[in-house]
């Protein structure tokens, strides 16, 4: 049995809402509900004590509520939720931290994919140890940004893609979905090629055959997920640790220069001619689809959201997720650092001997075998295979959340994997088969695409958490946090814009004109993203309401400006036959 429940598209902080959109058209969100015995409460069609959904929306909190009064975001990939009990104890507990370990580890894989290893090898060749400090700074910034993504999911129970669909115009959300899918496809290209290269080293099979095998065995992720969220996280953790062990072993064997290693980590410097490489390091670490993924993965932890425990449970979850994210991403940094150190030493040895070499992912095994012996290439290949396979599976998960979040799809788990993998992997295979010999150029194009999408993703992430109607008065950003977030956003946007400009060759007047035009469009769309009033605040006056009519129309405002919330809305709250009146934040 399925029932369909309606709830207001726009809700208000005071707990009252209108079933009409800001433009005057009734807008409701349709939610498919599966059957399970629970108590519905008033405001749900059918009255009290009726069998409704597996996780029906509570009228009091707009969160899915189960028989034990706890909540969780339902997702087919999270077959078994991890229940987190809240006892009010603020003392740090390793046992409780263990229950939160997982989402950050899955996210850390994106910082270790074959594209990042390719970047590490290039960094070792062009600048040696000298950019290790920047790699560390990029990981620290990533910890902050990913913690914000997790924070949004924990507080609201919705992930970033869902928020963008609800708060921004459909054309904008559709365009951002297309860009996000292209970014995922780009990451898939690097992951598929990296896995195929590893298979080629281990078995001597052609690269194209490795690409086909990677496409097929990616669907094994379906069976891993049937074991539950904790088993899935364990598998990912083992694959990441395999990469770590492989490169740490080679780092010990190659005996790097410890003094130069420490200098590279603590002394900020950018060698001449390495500016593009430096900006590219930041672009490889901060990835847009990771923000969608992290904000969704935290929903696998079922928190106690009863009124008396809600704020404390959420703050505790945010605290432990920050710790877990920090540990996971520092772990990723140590692995990336090991890759740079190993190849720095290997390249130094080859240069001193006058031996020619190629600094690329495909030739990494040859470089290491020349310095460490024949067996080292197999250690390299095993680590590359582990992380390549792991990131192709996490790419499926990212694609699932992005597609479902932007389109509110309601299909079975295996159908969702097929759809999202069809969207992301099939084009990736097509390009990968044709572009294996041009991995360096391909990586540059993918990094530019990732940089563009990140700018349009991080602005909504920070803006949502500065809006009281979204996260609630107890969790909204204060002035200091808003200033820090704005500064971080400007820095990331500036770095990414520089990356785009530096990659494109400006060798003619026409190219200069085209570049200026592209930058103007880029800045205009970014400004629109930042200044667009979120839909949950449309009942409030905004700066755009003081603008001319054509400007107000551009931002979706009515010709006469904003419309105050009707006073009668409070009179209808709780009446029989009316939708439950709940705040937007949950």
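Glycine residues also receive a Cβ, built from the backbone N, Cα and C atoms like all the rest.
Automated prediction, rather than curation, is the source of TrEMBL annotations.
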Annotated stretch (transmembrane segment, per TrEMBL) among the listed ranges 378-399, 510-531, 532-553: 510-531
Distant-in-sequence neighbours of the transmembrane segment (236-254), which means Cβ under 8 A and at least six residues beyond its ends: 102, 105-106, 108-109, 112, 331-332, 334-335, 338-339, 341-342, 345-346, 368, 371-372, 376, 379-380, 382-384, 386-387, 389-390, 393-394
Stretch among 132-154, 274-299, 445-462, 510-531 sharing the most Cβ pairs under 8 Å with the transmembrane segment (483-504): 445-462
Within-chain partners of the transmembrane segment (510-531) [C-beta distance under 8 Å, separation at least 6 from its ends]: 168, 172, 452, 455-456, 459-460, 463, 493, 497, 500-501, 504, 543-544, 554-555
